[in-house]
Structure formats: C-alpha cells, structure tokens
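Now, the feature entries from Swiss-Prot:
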TRANSMEM  B:39-59  transmembrane segment
TRANSMEM  B:89-109  transmembrane segment
TRANSMEM  B:120-140  transmembrane segment
TRANSMEM  B:147-167  transmembrane segment
TRANSMEM  B:184-204  transmembrane segment
TRANSMEM  B:258-278  transmembrane segment
TRANSMEM  B:289-309  transmembrane segment
TRANSMEM  B:327-347  transmembrane segment
TRANSMEM  B:354-374  transmembrane segment
TRANSMEM  B:395-415  transmembrane segment
TRANSMEM  B:555-575  transmembrane segment
TRANSMEM  B:643-663  transmembrane segment
Amino acid sequence: MFEHDFLALFPEIFLINATIILLIYGVVFSTSKKYDYPPLVRNVGWLGLLSVLITILLVAVGSPLAVANLVYNNLIIDNFTYFCQIFLLLSTASTMVMCLDYFKQESLNAFESIVLILLSTCSMLFMISAYDLIAMYLAIELQSLCFYVIAASKRDSEFSTEAGLKYFILGAFSSGILLFGCSMIYGFTGVTNFEELAKIFTGYEITLFGAQSSGIFMGILFIAVGFLFKITAVPFHMWAPDVYEGSPTIVTAFFSIAPKISILANMLRVFIYSFYDPTWQQLFFFCSIASMILGALAAMAQNKVKRLLAYSSIGHVGYLLIGFSCGTIEGIQSLLIGIFIYVLMTVNVFAIVLALRQNRFKYIADLGALAKTNPILAITLSITMFSYAGIPPLAGFCSKFYLFFAALGCGAYLLALIGVVTSVISCFYYIRFVKIMYFDTPKTWVLYKPMDREKSLLLAITVFFITFFFLYPSPLFLVTHQMALCLCL
Amino acid sequence: MELIFQNVWFVPLFPFLASILLGIGLFFFPNSIKKFRRLSSFISIMFLNIAMLLSFHFFWQQITGSPIHRYLWSWVLYKNFVLEIGYLLDPLTSIMLVLVTTVAVMVMIYSDSYMFYDEGYIKFFCYLSLFTASMLGLVLSPNLIQVYIFWELVGMCSYLLIGFWFTRPSAANACQKAFVTNRIGDFGLLLGILGFYWITGSFDFQQLSKRFFELLSYNQINLVFATLCALFLFLGPVAKSAQFPLHIWLPDAMEGPTPISALIHAATMVAAGIFLVARMFPLFQMLPFVMSIISWTGAITALLGATIALAQKDLKKGLAYSTMSQLGYMMLALGIGSYKAGLFHLITHAYSKALLFLGSGSVIHSMEPIVGYHPNKSQNMIFMGGLRQYMPITAITFLFGTLSLCGIPPFACFWSKDEILVNSWLHFPILGSIAFFTAGLTAFYMFRIYFLTFEGDFRGHFFDDVKKLSSISIWGSLEFNKEQFKLDKKSTLYPKEANNIMLFPLIILTIPTVFIGFIGILFDENKMNVDSLSYWLTLSINSFNYSNSEKFLEFLFNAIPSVSIAFFGILIAFYLYGPNFSFLKKEKKKLQLKSEIDIVLKSFSNFIYNWSYYRAYIDGFYSSFFIKGLRFLIKIVSFIDRWIIDGIINGIGIFSFFGGESLKYIEGGRISSYLFFIIFCMFLFFLYSYII
C-alpha cells in the first residue's frame, strides 16, 4: 500500500529532498573558508529552478486521469490536483527565474530565501492535494511559516522586518481562527476527512438554531474567515498592502502569485467539494463585492507601485470570488481560467517591476517617458495593463468576461454589475500607467539598466499568452472544465 | 450564347476595373501617374466603350427575343436565411445599360477636354468610372439588398463628385447637403427593404411581388403596415430622384463639374430612383394608396420644379430645376400606372438633358475666361446673350435639346411627354391639368434660358458693373443703353466655340435627342412587331396589362393641346426675352401704357421672381424648422449629456477618488486595529447569518 503512496507522492518527496540538499549545500559552501565564502545565491537559484522543473516533469509524468486517495485518505490525487500542481510549479518556476538576478542586484546574500521558497512550494503542493482538515491545516501552517520568514528576509530593512512581523502576528491570528473552525467541525461531526464531511453535509440543513448544527455553522464561518484572510479578500485584507509593500519585491511577486493558486485550490476543495451549502455562498458574495469595490477605489489614490499592485490583486481576488460564490461548474471553470490569466499578468508585471531598476522603481511616476527610453518594455507593460483593465481582446478581458458570464448564468446580476462598474473604475489607474509612460515627461529622466535574458524570456512568453489567448482558448477550457467536473462530481 | 449571358457582369466590371486601376495608380504612384494623364483617361474611356458595346449586344439580344436571364449565387446561407447575389437581365435592364453606358461614354469624352486643365483630372476619371460601374451594378441587381449596396455606392460617388472642387466652400456644403438628404431617403429605403423582407421573406424582386400578391389575395397582410413599408421604400427614390420633399439637394449639386451634372444629375443617378420604382412597380401596383402618393409626389415635383425654374439666374440651376420637373413627370407617369410612358420619358429626357448640360458646360467653359471663374459669374445668364454668333454648334445643339424638352415634335421628349400628358389626363383630370400647365411652363423657362444665353447681344463685358446690372430686372427689360457702357472694342474678348473633343459628344447626343422618340411611336404603330417598346417593357412585369391602343391619328389629335401650350410658352418667352424686333417693342410700349395691368404683372412677376429666388421658400422652411429644431434638440441633449450623464460619471469619479484617498488613510498600519477590524467583520458576518 505504501509503495503506491510513495510512488504517487514522488514529486513532493523529491522536492523536499532537493530542498534539504540545497540547504546543506548552501550552508556548507557559503561558510567554507576554502572557497572564500561564496554568496552562492545565483547558483542556488539555478539549482532551485532546476529542481522545480524536475518536479514539474515528475508531476506531469503521472497520469492525469488517475484518482487516488493516499496516506490513509489524507491526500488525494485527481485531475484537479494534477493540473493545479503543474500550474503552481510553473508559476513558482517563473518566480525563481525572476529572482535569479534580484539578489545580486540587491546585494542580498541570503540563499536561504530560495530554499524557503522551495519549501513553501512543497507545502503548497500538499495544500492542493490535502483531503483532510488536519493535512490541510498542516500544509497551510508550513507554507505560512515559510512566508513569514521570507517576508522579513531583508533583515537590514525596517520595512521588510516590519512586514514580516505584521504578517506573522496577523497570520498567526488567522491560523488560530482557522484551527478553531476545524476543531469545531471535528467536535460537532467527529470526522475530519473531506469525503466524510461531504457525506454528512449532503442533505444536511446547516442552520444556526438546529441543536447540533450551530457549531458546525460557526466552524465553517471560522474556516472561511481564515481562508479569506489568507487570500486577502476584503474585509480581511488589511495586512496585504503593508506586507506587499514592505517585503522585498521578489517576495511580493511570490506572495501575489503562488499562494493564490494553492489557497484557491484548497478553498475550492473545502467549500465546493466538502461543505457545499448556499449559506456560506452569501459570505463569499459579500466578500467578492467588497473586494472588487475596495480594489478599485483604494488603488486609485496610491502612488507606490507595489502598494497599487497589492490593491489590484485584492480587486482581482474579488473578481475570482465571483466564480466562487456562483458555485456552479461554470463559476468554477471561470474562476480557474481567471486565476490562470491573473497569474500570467502578475508574473508579467512583476518581471517588469523587477527589471526596471536603477536604484529602485518605487513610485508610479518613475515610469515617466519609459516609452522613449525603453519602448519595447513600455509596450509590454501597456499590453499587460490593458489586459488587467480588461480591454478586449486581451486575456484579461476574457477572464473577466467568463466570470461575469458565470455570474449572470447563476442569476447573480448584482455581482456582474458591480464587476463591470469596478473594472471600469479600475481602468483609471491601470491606464494611468500607460499615460505616464507615453505622455509624461519627468523632470529627471530615469535610465534603467538592461534586464537579463531570463526575465525578458519570461516577459516574452507571458505577453504572447496575454495577447493571443483569445485566438485559441479551447485547451484551457477543456482543462478547466475537467478540473471543475472533478470537484463537482 | 449562354456564355455571354453568363458574363453580363462584365459590363459593370470594366469601368470598375478602370477605376481600380486609376485609384491604385493615384494612391501608390501619385507622381508618376500624373505624367500619363491622357493615357489614363483613354483607359477609362476604352473600358467604358467595351462595356457600352457589350450592353448594345445584350440590348440587341433582348430585342430579338432572348428570354429574361437571371443568375444567382448564394452569398450568405444561414439556416433559412438566404442572401443571393447575381444579376437580372431583362428588357428594362438592358435598355438602362445602354442608356447609362452611352451617356457615360459621351460625358467621359467630353470631360477629357472640359477637365483638361484641372489638377484632379485622373481622380475625376477614377470617380467617374466608379460611378458608372456602380450605376451599372444597380441596374443589374436582382434583389433589394444588392440594389441597396449599389444605391449607397452611387450616393457615395455623387458625394465625391459634387464635392470635386471641395476647396470651394459652396461645393463642400453642396456635397454634404446632397449626402445628408440622400441619407434620409436611404434610411427609409432600408426600412422599407427590411419591412418587405419581414412581410414576404424575400429580397428578390420577382419573388417579392409574387409572394406579396399571394399574401394579399389570401388577405394575410396588414395592409396599413404594407403601405407604410412601401412608403418607406418610396422614400429612397424620393431622395435620389429629387422628388418634392427631398429635392433640395439637386440644385445645389450643380456645384460639381458640368460633366457630372450631365451624367449624374440629369441622365443616370437621378434616374436610379425612377428605375427602382419601375422595378418595384408590380408591388406598388397592388397598393393603390401608394400609387396615388407616387403620382401626387410626381405632379407636385413637376409643378414646383417648373415654377422655381422660371426665374433662375444661374444657367445650370435652371437646368437642374428643369430636371427636377421632368423627374416629377416620370414619377407621375409611374404613379398613374403608365409604366411605359414613364420609362420612355426617362430615356428621352436622359439624352436631351445630357445634351443640354454638356452644351451649358461648353458655354460656361467659353464664358470663364471673360467673366471670371466664379460660378456666380460664369454661369450667370445675365452676362451671357448672343452667344449663338460666337459658338454656333453649341447653340444649335442646345436649341435641339430645348425643343426636345419643350415637347415640340418630332423631338424625343415630345413623344414621351405627350403620352404622359394624355395618360394623366385620362387617369385623373387634376393631375392632367397640372401636367398640362407644367408643360407650358417648361416651354417657357427652357426658351427663356435659350434666349438669354444665345440670343440678343453679348452682355459679358459688363460683368465689372455688377451693381448696375443687378438693378436690371431679369424679368423682361433686358435692353439697356449701349452707349452707357463705352467699350473698347479692341481689348475685349469674345467667347469662342469649344474645341472638337467637346463638340463631338454634343453632336453625337443630338442624334438620340432628335430620333429616339421614334422608337416608341413607330413600334406603337405596328403592333404586330413583337419588339415594340410597350410590349417589350410590359413583358418584364406580367401582372401589368396596360396597353396603348391608340391610333396614330388619335395620338396626333391628342398631341395638339400639348404642343399648342408648348408653343404658347415659347411665345411668351420670346416676347419677354427674345431678340428685340421693332414691332415687338411697340407692342411692349403699348403694354406699358396700360398701367394697371402693368402693376398687376409686375407684382406677379415679383412674386414669381421671389418664389424662384428663394426656391419656393422650401429651403428656408427646412433650415428654420428642421435644422433649427434639430439644433435646439441637440442643445438639450448635449445639456443632458454634459450635466446629467457626465455629472453621474464625474460624480462616480470624484466619489471614488475621495473614497480612495480616505481608504489610504484608513490603513493606518496598526496591527491592533487590523485585528479589531477582522474580529469586527467576523462578528458582522456572524450576526448577518444569525438574522438570516
């Protein structure tokens, strides 16, 4: 029995081993006098990228059609996890690509960040395939612990340490809430496995007044709040702008890309597969509306790029939650398409943000006259911003279109309406980038260093997908449809 | 044989190719193509000649009794919606093909010389070819959709050509006016097409009328709706053929080069509306109310055009109003059901009017060096007079055209117009009397134009003294003291006859002007002949059974009143404007003695003059009522847009901006407040669920 489990878990096991070996390698060599204390960051970065790529291969080798419950029903592998894991690993790999040059530029000689990224990736893999409340909680905790450390990885920066500390305290709080919810569920039902919970909840009326059900309801509420905190949905978003702004840019990029995938995957597993009930849908409904509105409004007054992107990601979480609160197959499918496109765009934007460095690229106004100094980069950023704003025929438009369509399909007209209105409002600050790049002449011209080849490759790929997604979207449709079916059936 | 029939589309293709060639050349090699001016005009004339020969061939085939040829190719197939394109070759089509191509060839040859010194010579030929091609396409169309496409193309070309001298503000305004006015008609046409599609489910002419007939006989049609659709459809021809409410663009369209006036605004484009009504005739015939609307529109237009034409100073504008009046005749003929007479008049009028316009172009061309290039001067008949001495060929051809238009036998328009008069008289006496009166007016104003232009003394040298001249009434007393203006004979210029290239089309066009009327009457006489025009045109509409059973003598007898009123008109014109013979002067003096009559006459003439000068007050009415009303409406809408709709948007913008600013400060960065907020929100959720 266990041999099959090990075979199925081989990618995760490989990644853990690789991470540990890398850690040992780094520790041994960076402290060795013989080699003159090499910083090793770039080296470890490449090796980490390599191990992630190998993990992708290992995951991909496994058949997508197999469904297996592993380790005493604690983990599951099916279509949904298969594609989600591949996608997560790909996005991690892209972050790794981005960070190759970063540490050297920042003279941040901490190869441990890369190790921690790898470790959190591993925990996220487990999160995606978690099939039990305990496994889920453990995976989330491992991921969060890694994140707290990475956020504070730039130890000499006040902002970074502040961000790390804030993240830690608030994160610990939310983990407590989450754990409390889990324990309540366990206390009132006696099971922690998702499948059995699903069995209990089918045909089960969750109301506050039923004798045994009020506890279950509160448990679900607490779990939901915990998740909403992790995914930075309004009104539990307060930490996000501070943490995103304070932590090093590469960490911000990582935070706004990878955990979104894993947490949404886990949320889908919990709330669609296990606790499917109209009651909590309302909760997500409100959170979705609030996130969209706040994302649109708050970003408008921001001058700092990273803070703006944080609000933009909050807004996008709001759009994604539209699909979530629909609860239909179309909703889930549109959510998955939406997150795919969101990740593409975010990777692109952060690659640009990381590429533009003279001393720093902190304020939006620093982009002035980028169209003259760096025309190709300006076009790339404009395309991405138009896509963020949802201008057809770019990918961002498609994602929003499917989400609103799903909302209309299940009768949530208010969601669609607010989605459209807020995306119009959000056009303002997205297109402001374009305006600044093309029409503003700054007082002091900022000349940026040329970017490295890896990042430009990344940019090229993402821009290609963003621009030409509308031509051939059917493979993504097929995949997401299968994933959605996996959860709903 | 079949092969050639299948290739009818070559006819519009050739001019289209020419225009494409020239267009590409102008677009890509603007400098080098200017060296090949003559060559490019030669190409377009050549291609059009081929088209003309082809259409002669088809015409001959149709005369010798070939069947109606129809070729369809399905263009859009969607479920049960089928859109076909193709062509329809029947007698009406073939005769229109011949008409359009011959006039166009003549106009092209003419414009080679007329436009020779113009900068846009090649562009002109390009537009001209495109226009001819689209007109030919329109004529060949088998269904309403295709008609609509070519209809728009024709409209666009007319816009381009009217505004050909777009640097002149009046031309720019005129082309816009023409375009906008035509848009109104086109919109109605589109509505009508769609309405009929809704009723019958077909765009095809033949199917349409057949289905409509079936539906009508089974009483499955809302007659009011059908009438409404037909009226909408009729709005298209009303605009294009310059019928009464939408005629205002035609006189202004004279701002275009004169060959264009000849081609578009006399012979072909304005005929498109008549053509469409003729095509849809079987359908209109089933709706008596629509028929009476058509006939009354025609009658009003005829009368209006004739009365406005009475006192025009501008040579071309006078001809333009005459065109409008003649188009009214055609519409009238169609409306009272004499299909053949209407089309016959269309053909005869086209040649005569083309001749007249080309003649006027020749006059203008020769006047321009003397009086200046502004149309107010070079086209002003006040400055002309006595041109017959200087340009005899133009004068004689112009006289032929004038005689034809007045309805003097044996010229072309006599036959057709007489038929219309007789038929309208038979149909409804009021219409008949209007037509009859208009015929008199036609003779009067046509000869007024002729006399003012070609007879008397040349007045072109007084153009400097515009102030003095303007005091001279255009009514009657044109004689003035020659001694008053002492002329230095040696230094003055006199108009010259146009060159041979320009004269050639004039002379050629004289032939149909004189003789084409005979085809109608000769074929009428011997009914045994299968290819009589009446039989032949009625063939294309089977449901129509009008037959002209008059004998020739009876015809002549009928013609006496119409001819006599024409002569009466000519006499008045001669009396007022003719060369001053002594006995007439005496008569005039006698007349002037009778002061009471004189006053009455003067007030009447002033009234007519003002009526004509202000274009029957219709333009003023439109501008004061529609345009100002629309402006007022626009102001209201723009106010709503600016203050209410924009206000909402701006309000949202300001609100969201302040929202953003305030949200920026809410995020204070204190962890304890964050935690409090989280707990608070959780509590709210809890409370909310509790309430539900």
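Glycine too: its Cβ is placed from the backbone N, Cα and C atoms.
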Segment proximity, the transmembrane segment (B:120-140) to the transmembrane segment (B:39-59), 3 or more C-beta pairs under 8 Å: yes
Proximity of the transmembrane segment (B:258-278) to the transmembrane segment (B:327-347), 3+ C-beta pairs under 8 angstroms: yes
Other parts of the chain folded back onto the transmembrane segment (B:395-415), taken as Cβ under 8 Å at six or more residues beyond its ends: 322, 326, 344-345, 348-349, 351-353, 355-356, 359-360, 363, 387-388, 439, 442-443, 446-447, 449-450, 453-454, 506-507, 509-510, 512-518, 520-521, 559, 562-563, 566-567, 569-570
Most Cβ pairs under 8 Å with the transmembrane segment (B:89-109), selected from B:120-140, B:289-309, B:327-347, B:354-374, B:643-663: B:120-140
Folded-back contacts onto the transmembrane segment (B:120-140), same chain, C-beta under 8 angstroms, at least six residues removed: 8-9, 11-16, 18-19, 22-23, 25-26, 33-34, 37, 40-41, 44, 47-48, 51, 55, 87-89, 93, 96-97, 100-101, 104, 107-108, 111, 146-147, 149-151, 153-154, 157-158, 160-161, 164, 257, 259-260, 263-264, 268-269, 272, 275
